[in-house]
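According to Swiss-Prot, the feature domain 'ClpX-type ZB' maps to 4-57, an assignment based on sequence analysis. The Zn(2+) binding site annotation in Swiss-Prot covers Cys16, Cys19, Cys38, Cys41 and is backed by sequence analysis. Here Swiss-Prot flags Pro122, Thr123, Gly124, Ser125, Gly126, Lys127, Thr128, Leu129 as ATP binding site, drawing on sequence analysis.
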Amino acid sequence: MTDKSKESGSGKLLYCSFCGKSQHEVRKLIAGPSVYICDECVDLCNDIIREEIKDVLPKKESEALPTPKQIREHLDDYVIGQDYAKKVLAVAVYNHYKRLRNGDTTSEGVELGKSNILLIGPTGSGKTLLAETLARFLDVPFTMADATTLTEAGYVGEDVENIIQKLLQKCDYDVAKAERGIVYIDEIDKISRKAENPSITRDVSGEGVQQALLKLIEGTVASVPPQGGRKHPQQEFLQVDTSKILFICGGAFAGLDKVIEQRVATGTGIGFGAEVRSKNETKTVGELFTQVEPEDLVKYGLIPEFIGRLPVTTTLTELDEEALIQILCEPKNALTKQYAALFELENAELEFREDALRAIAKKAMERKTGARGLRSILESVLLETMYELPSATDVSKVVIDESVINGESEPLLIYSNADNQAAGAE
């Protein structure tokens, strides 16, 4: 290497071999064998290295893992009800990340198993929201997959490996981050096999998908192309260890209550030993779900091996009217708060009367869509107001009552100017 130096009055003038600045232009010039580097270039190199390794550095040991109580408290801020499910999830998630932090084997040589989770509950009961809230709180990558789109390898549809590919996309293809992520597979009940007995014919979207998911959920090293499944076979594959990924599967399991009821029924005997059951003893779907056993899931259509990969099973109950009213108002991101924030951007206050909230909850109950139906009801009720409000002047408040929800009247608009109020009333 040619030394960048020039003769000056008292000797050589030295230059940085990287940026070309002279020794007089920098604070410090460090000499090496035939090369020099200035303090500014050293700082720049440090910045580059820090930027590249900051995402893969392990978390400090001092950074404590949230306790099950802390996880549950955070879930309470965003999810109403489902207390038992929250407790089960908090413990399972805590144990999973404790296993990752301390290794699969304890000091006594005890191997710690992987605890994937199965959520059983009706539509709109909060299964997806629980999984999303957990991932956000723990600051780990999260992705959702729809089990109905999955097929066995070699058939039209999505490979199960595409689930991991989506997770990698969420964290910019950082494998170390992806291996600490959470995957939520929705509609898992839709891949139940079509008959209770093993089928002779191919069931590529039912039992076949369950077989394909087995290894992925239990833990394997999945080879995933960065740009998607079967269409780019020439690309270099990324190796992802799925034993460190937490899988949460959820489904409504419509009809499972009948399977459970059939098993627990005691009034089917004959003769003097038969137990007579009252018609009033009929249990709700939620109550029956709490009595679910692996044998019920097998009868429903999940294969025993698949059920064995989901050792933590918890059920969610149907949301009643009071719970739906709470969901509308209490969570940090409650729907009424979201719409109030939108109206605030137009310098208007949005107020929901108590009877309006109850009417919204009743409508959602009638639709049997749980909390999922609340937004569509609010959207249709507020559509005209949200259309007119940006063009209106002096509207300071919008009041919604029961008659508005039932379509019997328009929202009450309160103007800051008395003249406008009178004109609006006309």
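Keep in mind that glycine also has a Cβ here, set from the backbone N, Cα and C atoms.
For Lys127 (ATP binding site), the nearest of the binding-site residues by C-alpha distance turns out to be Cys41; the candidates were Cys16, Cys19, Cys38, Cys41. In this structure the alpha carbons, written CA, of Cys41 (Zn(2+) binding site) and Thr123 (ATP binding site) are 59 Å apart.
Of the listed binding-site residues, namely Cys16, Cys19, Leu129, the sparsest Cβ surroundings within 10 Å are found at Cys19. Looking at the domain 'ClpX-type ZB' (4-57) alone, the prediction's average pLDDT is 78. The Cβ of Gly126 (ATP binding site) lies under 8 Å from the Cβ of Val79, Ile80, Gly81, Gln82, Ala85, Leu316, Leu319, Gly370, Ala371, each of these being in the same chain and 6 or more residues away along the sequence. In the three-state DSSP classification, Cys38 (Zn(2+) binding site) falls within a strand. The Zn(2+) site, placed at the center of the C-beta atoms of Cys16, Cys19, Cys38, Cys41, has further neighbours from the same chain whose C-beta lies within 8 angstroms: Ser17, Phe18, Gly20, Lys21, Val26, Leu29, Tyr36, Ile37, Asp39, Glu40, Val42. Other residues of the chain with a Cβ within 8 Å of the Cβ centroid of Pro122, Thr123, Gly124, Ser125, Gly126, Lys127, Thr128, Leu129, the ATP site, are Gly121, Gly250, Leu316, Gly370, Ala371, Arg372.
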